[in-house]
């Protein structure tokens, strides 16, 4: 793959961006340049994560849906629900009562709303509103609050509402326990339903405004938005049995880069034959691909841009109208520019807000039948469309109810190759031939954040998140250095 | 009803000493009912500080932010009054308490309540690890300070 492996790496200058900022956890990008600043190799390394599967082994299965939430500070509910779906298979073969399924859906769509609001307003809008190489002191959510207080307030209150949906359905704002193997442990009271209902129309209105913001940005500068980090690739997601967008449950569908269906309505229970988790020596994170297509052609992207273009329809009216406009904008071919993720993401946020209203108006969410009975099994696979893409949880449990095997393919892993390709595209188009500046390096980070601000869940104690970029010559000597401290202050110059 | 005192701690309980913030909150919660002189105290936790936490400051008389600190110089803990600051943090994790206060001021158009940052020193932050022996000792010292802070409730 072009720019993945340089022919003579030892003779090249090395730039390391570590950690990648405004992402969750530790990612590292290495860029190899020659003396004329021509890019020869770009790799996005994910330096943490796999340890969590070992951490789960030996734990009682009923602890797992709560335990796995600690993987992620942005989308803990996705892990909570994917693990619950897998454990449903263990305890009863995957049966849910209508109340349990609708409570889980409500929780999940609340999660989608809050996570998409965070991703767009807090982590990505500073780049989009101020420019990728604007003043770094301004390029953050606090800068957005100062320059566009209404936009920032909208983002804050949308996320807050999503968090409230999660709190009401799971019992707590974080580390909730609402979903349990075989069902849920609470439904909603009338008071809880009415508490959420009073604000939902405002959330739908703001979500429509948010689609308008990103749509306007996209159309104001198509030369940038249509091509930045373009990754023509296969796209994969869950769709329901009618081909509609569904974040909670469904079967797998994949389309090729031109939009032709590769497979459809494939049960995710067979994910481990459908997909192969490839490995590369330079990253701890795996590189999954569709087994039948092989590693060179079988990699794919997941998440909003894939989901919006994979489905035939969104089952809520305003979001469906926006999807139709999105697809029409792309013409006869799917859009693959990475900034298109944000447009698709806001359409999904609108879908989530509309779906939350539909669920709140469904009396089943106040039902009393919370758990279903069924035959015990020893293996379970749960899949969900998490905010950043398809999320697989696979467990085996022994007769003592202890987990003996855990395999997770998180959204970031599914997008691993696609993110690397996008980062290479941006490096080739923006860094080549230029003196490296913080603004240019931020272009790399912008590309990553389109996919995912959530590379892994790492420690975040005070003082633990500096950014350090070193430029090293072929002999290993540092010739330039750039640092950003926890307050965003920039330092420059070799030590 | 919003309590006049808020203690907000953040951290990942599965990552060694990163659990110091939530651990202090657990300890305070266990003591709360036996100390009515503290007045009503709300206890909130999350993985990290985010902008919407500015809304949790609303209606408070005082707020204590609690986090683990990786700085050895903070041992066993550092407590200081903090003021709103136009935060330039660039990571999703690093929105500082000062930045949260600044967001409050931007959104509400008024000054946030008085806030104090309690940074408790930790040493190891590995997945699946318990609190280190040093962190347990620092937690004990920080809890003693917190009890005094709570008891010094303004009239």
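Just so you know, glycine gets a Cβ as well, placed from its N, Cα and C.
According to TrEMBL, the feature Mg(2+) binding site maps to A:53, A:408, A:460. Look at TrEMBL and you will find A:72, A:75, A:454 tagged as Ni(2+) binding site. Under the heading Fe cation binding site, TrEMBL lists A:75, A:457.
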What does DSSP assign residue A:408 (Mg(2+) binding site), in three states? strand
By the count of other Cβ atoms within 10 Å, pick out the sparsest of the binding-site residues A:75, A:408. A:408
Once DSSP output is merged into helix, strand and coil, residue A:53 (Mg(2+) binding site) belongs to helix
If you measure residue A:408 (Mg(2+) binding site) to residue A:75 (Ni(2+) binding site) at Cα, how many Å is it? 15
